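Participant: Mind looking over this structure? Questions follow.
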Amino acid sequence: LLQDGRNSSVLNNHVLGAFLQHGRVAGLSRPVEIQFGHNTTLDASNIVCVFWQPGASAGSTGSWSHEGCETMHREGTVICHCNHLTYFAVLLLPAGGLSTAQLVSLTHLTTIGCSLSTAATLGTLLLCCFSSGHLTAPRPPHSCRQQPRDNRTRIHMHLLAALLLLNCSFLLSTLLAAGTKELCQVTAALLHAGLLCTLAWMAAEAFHLLLLLVKVYNIYIQHYVLKLGLFAWGLPTLAVVAVLVFKRDTYGYHTISNSEGYRNMTMCWLTNRPAHYATLGYTGLILLFNTLVLGRVVMVLRRMRRQKGQAKKDCVTVLGLTCLLGTTWGLAFFNFGIFLIPQLYLFTILNSLQG
């Protein structure tokens with residue numbers, strides 16, 4: 001009785017029903033106060049006052065809702081202020097879970113950040129395309145000093161294109177989650193491909209930077225950018241196509257639940273845990289390589305620092321490379337315990353604005 005589909009935990013299994021004999025009581029200007037005593041240690045952020053909302057259809061049991069109720073907590077007592085009468089209880093939330101307000105704010109931050117990144121990457125790509133005529137002009141074979149600069153620009157453009165794909169598919173993934181299953185699967189595959197390709201091009205940036213640091217001169221490699229493209233575009237695309245062909249159900253509707261169980265968000269993404277862990281492993285390997293390269297850059301900069309005020313320039317360089325190499329994506333591995341909420345906000349702000 002009064003058990004919802006999520007098997008939500010109720011404090012002490014106590015449910016209080018309050019009614020008047022005649023008529024329904026709702027929209028009270030002065031809320032009713034209900035107190036629930038307990039002898040357990042509770043975190044005020046992990047409890048919420050709720051009321052029972054019967055199912056709209058005959059086959060639906062109903063669910064707990066917190067609309068119209070406010071929660072207060074003092075030692076040994078949870079106090080609920082509600083503007084109506086019905087069945088009341090105190091719901092225990094999973095520790096470290098996101099509240100509805102936090103999920104909504106993170107959604108807004110992500111949408112704004114990805115939209116700005118999409119506009120910036122598109123504008124920069126167009127600017128590069130219109131001003132890159134000199135890149136296609138033939139260079140003499142001995143022009144070793146110009147070739148790295150051309151390659152660097154091309155690698156930047158490929159990274160921008162991958163970020164554009166990632167941001168556009170992410171913005172579409174929530175909107176298209178309300179569409180057909182097949183459309184959602186294609187969107188999820190594009191989002192996955194965008195993520196894998198973006199990470200791969202950040203690794204290509206790190207590799208190119210490492211070549212500049214180690215060899216400095218004479219780093220000309222025949223079909224260099226083409227080989228990087230086969231790695232950064234080809235391998236991720238091949239993996240995603242293989243999943244679509246042999247295990248299409250890996251992509252589909254993914255629900256992001258908050259701690260209260262209300263207003264969950266659905267997007268098109270991975271639905272398979274092994275695929276999720278494989279993506280995390282792939283991300284971890286690339287970020288480890290990029291972090292090691294960044295550490296090498298810092299060591300070289302420290303050896304090269306001679307002039308007064310050089311330290312400030314070095315800091316700006318390191319910050320720029322941190323963004324370019326995507327080391328901020330490493331925050332994804334700190335989503336536990338007390339780090340969860342700060343990590344989510346930092347991860348969302350920094351990485352949605354990467355473009």
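Numbers run from 1 along the shown chain.
Even glycines carry a Cβ here, placed using N, Cα and C.
Per TrEMBL, domain 'GAIN-B' is recorded for 1-98. What TrEMBL lists as transmembrane segment is 85-104, 116-137, 158-178, 190-213, 225-246, 275-295, 316-341. Marked as domain 'G-protein coupled receptors family 2 profile 2' by TrEMBL: 106-355.
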Participant: State, in range form, which of 190-213, 225-246, 316-341 has the highest count of Cβ pairs under 8 Å to the transmembrane segment (158-178).
Facilitator: 190-213
Participant: Cβ under 8 Å, sequence separation of at least 6 from the ends of the transmembrane segment (316-341): give me the contacting residues as numbers and ranges.
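Facilitator: The answer is 96, 98, 102, 159, 198-199, 202, 205-206, 209, 280, 283-284, 286-287, 290-291, 293-294, 297-298, 301, 347, 350-351, 354.
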